[in-house]
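Database features (TrEMBL):
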- 588-638: domain 'FHA' (DOMAIN)
- 675-686: compositional bias 'Basic and acidic residues' (COMPBIAS)
- 675-705: region 'Disordered' (REGION)
Amino acid sequence: MLGSACAQRAAAPAACSTVRAPQQQQAAALAFRRAVGGGGAALRSAAAGSSTAAPPCRGAACTQAVAAPERPTQQPSAGGSEQPPLKVIIAGGGIGGLVLAVGLLKRGFDVTVLERDMTAIRGEGKYRGPIQIQSNALAALEALDTHVAQRVYEEGCITGDRINGLCDGVTGDWYIKFDTFHPAVDMGLPVTRVISRITLQEILADACRALAGDSIILNSVNVVDYEQGVDPKTGRKIVTAIAQDGRRFTGNLLVGADGIWSKIRDKMIGPTKANYSEYTCYTGISDFTPADIDVVGYRVFLGNGRYFVSSDVGGGKMQWYGFNKEPANGTDPPGKRKERLMEIFGDWSHHVTDLLKATPEEEILRRDIYERAPMFKWADGRVVLLGDSAHAMQPNLGQGGCMAIEDAYQLVLDLCHEADKAAEKGPGAELDVERVLNGYMRKRVVRAASIHGMAGMAAYMASTYKAYLGEGLGPLEWLTKFKIPHPGRVIGQIIMKATMPGTMGRVLGGFRRTLDQTDRLPMCHLADQPQGFPHDLFPVYMEDDDALLRASHAAWVLEPVTAGANRELHLEFEATKGQSPVISRQGMTVGRAAACDLRLDAPSASDRHARLHQCEAGDYHITDLGSQQGTYVNGKRLVPNTPHRLLPSDELCFGSNDLGGKRFKVKMMHRSLLEGGRHGSYERPRSVPPPSDATMGQPQLGAAQ
Ligand SMILES: Cc1cc2nc3c(=O)[nH]c(=O)nc-3n(C[C@H](O)[C@H](O)[C@H](O)COP(=O)(O)OP(=O)(O)OC[C@H]3O[C@@H](n4cnc5c(N)ncnc54)[C@H](O)[C@@H]3O)c2cc1C
């Protein structure tokens with residue numbers, strides 16, 4: 001268990017020692033706790049029940065528990081002492097808008113979400129694939145609403161508990177690996193997960209409805225404009241969101257959470273052009289069980305002018321993105337997307353091509369990727385931007401949605417602090433909305449811009465990777481055949497290795513100081529620990545590619561390439577008995593003779609042609625047994641009677657290719673597929689059940705020592 005692993009790691013105490021003492025934490029959390037009106041205990045007790053049990057934000061003057069929550073219009077104030085609750089209009093019910101709505105509703109604000117197209121929430125929207133929610137955003141979510149966070153933990157698929165990183169697109173070799181697990185655990189943050197956007201939005205929308213009823217999210221409201229003014233009855237400043245059909249929604253604050261093509265932003269700063277990233281993105285999801293799913297979470301395959309991302313998304317499904325450099329607005333003839341993708345990525349590693357082959361044509365979507373230059377004005381009077389409307393970035397860092405969640409957290413925190421101050425001033429004091437919005441903007445601008453910059457950098461690096469000298473050099477392309485490592489690749493790798501831990505710390509932990517202002521205790525969840533391998537081996541797999549390869553619960557398979565060679569050889573042992581040629585540790589022979597374990601009925605094969613076997617370390621080898629025509633690996637003839645190590649994607653040819661040799665590709669196959677399973681049916685084990693509501697707010701593993 002991670003707990004015991006942590007306890008045993010004397011040299012790397014991780015979460016066990018780096019997190020702050022509960023007393024310190026409590027002191028730092030004071031302000032937010034006061035702002036939520038019921039103290040930390042109240043927030044935790046709210047978490048232990050449904051979202052509806054939350055105490056409203058009512059200022060220090062109103063710290064008694066209140067019966068929660070009718071729609072808080074009748075409640076004492078989240079707008080300052082004895083003021084009606086602040087009425088917040090949120091344009092856009094995407095990730096950012098809904099997280100903000102949950103956070104504000106829990107603290108007693110009066111919220112209305114105006115959504116242009118509810119199908120986006122119900123999941124019928126086109127691009128609602130899975131999304132990675134990283135440690136920074138999960139912690140913010142947890143601090144806003146532990147009940148919502150727990151549902152995300154239960155529904156999501158942890159990828160941060162495994163090795164992730166960048167690979168060479170063609171060979172599949174690791175370029176650099178990321179450890180997102182230990183930085184998270186060391187900082188007392190939840191470990192990164194992937195969750196379906198549909199599920200995430202449903203969880204958030206459910207929480208909103210549980211807090212304030214069905215009318216909290218209004219559908220088919222296309223907000224196109226806003227006006228600011230003063231309510232003639234009360235004299236209070238107001239803002240009105242105006243829908244395309246003329247409907248008007250008035251409140252004290254308008255949040256533009258309406259995404260990259262935001263109308264609120266257009267009104268605020270005038271229309272601006274989105275930047276085309278120069279990449280179109282094909283995306284798909286398929287039932288697929290990669291051979292190394294137990295040890296690898298997600299991978300980015302690098303190339304020149306193209307790159308590919310694959311990620312386990314749970315439920316037996318893999319999500320992938322294929323990016324290709326080309327002009328915007330390209331289209332594919334009907335039914336031809338897969339073909340196009342095979343043209344682009346067909347000669348890449350089998351990790352890539354297997355996924356493409358396994359994806360039904362109709363599951364493949366295509367969109368052009370846009371971003372917007374960082375902006376430094378997010379607020380205009382009582383109107384403010386949040387999420388993509390303020391900082392749409394490239395998707396490469398998987399942080400766009402996470403930044404929207406951080407934004408939402410910051411805005412809730414700041415509104416609560418200001419409500420607290422107003423309450424302290426006494427009856428009649430009003431919450432200074434404009435000050436809050438400007439403060440929120442100042443706090444968020446730098447972090448959002450730096451993550452935006454890193455996302456752009458990540459995109460640049462992923463798409464300008466050149467494995468060998470000569471690549472992209474036009475007339476000098478022939479140089480690639482010498483396989484001289486490209487200097488850019490080598491230098492890039494050195495720089496990335498040196499800077500990666502710091503970068504990871506900034507991305508995942510850069511928001512921690514703000515999180516410390518709440519009563520969320522730094523903690524690790526037992527359920528976050530690696531399930532597919534002993535935790536102690538994590539650092540070994542980070543360093544040693546071979547050890548990681550051997551750790552896959554995979555059988556090695558020879559997939560026929562030559563037409564007619566329709567039989568797969570499973571280079572496997574006991575597990576496959578009776579299902580495929582079983583090879584003992586001593587190995588199996590290949591050849592024409594009847595005594596061979598695998599008979600090759602081809603003139604190119606010698607009677608005893610070659611031998612396949614596994615060495616003590618677990619690697620697979622092939623030895624040519626002095627065959628007449630030879631055995632070839634990747635076009636190179638093997639020295640007879642000398643073992644040669646096999647690697648995934650190697651191509652074997654028994655006999656000369658020119659003389660009709662039988663060709664096979666070396667592949668790995670997840671064990672479950674040999675044991676009667678089918679692609680998509682394998683569920684990674686969860687040895688520890690998700691933490692119960694009752695324990696969610698408590699540090700586990702003795703983390704906060
Ligand atoms: C291929 C790809 C992969 C990505 N992967 C990740 C990832 O793994 N992790 C991550 O954190 N981020 C990821 N992102 C980025 C992420 O999708 C966005 O940053 C995130 O969705 C932004 O959330 P938002 O709430 O600001 O905007 P959105 O999610 O775009 O929501 C905006 C909402 O506003 C509504 N709306 C729009 N206009 C109006 C209007 N005029 N009136 C009313 N409603 C309106 C829309 O219907 C929508 O529901 C990815 C992006 C892409 C393109």
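The backbone N, Cα and C atoms fix where each Cβ goes, and this holds for glycine too.
Same-chain residues lying 6 or more positions outside the compositional bias 'Basic and acidic residues' (675-686) and placing a CB less than 8 Å from one of its CB atoms are 286-289, 293-294, 312, 315-317, 358, 527, 531-532, 575. Counting residue by residue with DSSP, the compositional bias 'Basic and acidic residues' (675-686) contains 0 helix, 0 strand, 12 coil.
Summarised by DSSP class, the composition of the domain 'FHA' (588-638) is 0 helix, 21 strand, 30 coil.
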